[in-house]
């Protein structure tokens with residue numbers, strides 16, 4: 001299960017993480033977000049040794065979404081050493097998502 005985080009813990013969970021961290025910005029009403037959810041869940045299980053995965057509900061956590069310029073959802077942001085390395089907007093198949101994440105490990 002991927003950890004749901006909020007604005008108040010974003011820095012400690014993501015920016016201060018010692019692992020590459022993948023943040024799934026989503027909303028419950030978003031169809032493509034619901035399609036991407038199982039893909040992210042699978043990847044989190046397969047890559048858990050090297051990568052941390054978290055989810056941020058943009059409706060409940062507008063500060064994080066605004067800070068990282070999330071204009072469309074789903075948006076998946078890959079963080080390393082406290083900085084965004086890559087931003088992926090929209091649904092992506094598992095293999096494409098995995099390849100994008102692996103570049104930063």
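Even glycines carry a Cβ here, placed using N, Cα and C.
Curation does not apply to TrEMBL; its annotations are automatic.
Per TrEMBL, these features apply:
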type	residues	note
DOMAIN	1-105	domain 'Thioredoxin'
SITE	24	site 'Deprotonates C-terminal active site Cys'
DISULFID	30-33	disulfide bond
ACT_SITE	30	active site, nucleophile
SITE	31	site 'Contributes to redox potential value'
SITE	32	site 'Contributes to redox potential value'
ACT_SITE	33	active site, nucleophile
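Sequence features, as recorded in TrEMBL, placed on the structure.
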| residue | record | Cβ contacts under 8 Å, 6 or more apart |
| --- | --- | --- |
| 24 | site 'Deprotonates C-terminal active site Cys' | 2, 33, 36, 37, 40, 53, 54, 55, 56, 74, 76 |
| 30 | disulfide bond | 73, 74 |
| 31 | site 'Contributes to redox potential value' | none |
| 32 | site 'Contributes to redox potential value' | 73, 74, 90, 91 |
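DSSP labels the residues of the domain 'Thioredoxin' (1-105) in these numbers: 40 helix, 29 strand, 36 coil. The average per-residue pLDDT of the prediction over the domain 'Thioredoxin' (1-105) is 96, rounded to a whole number.
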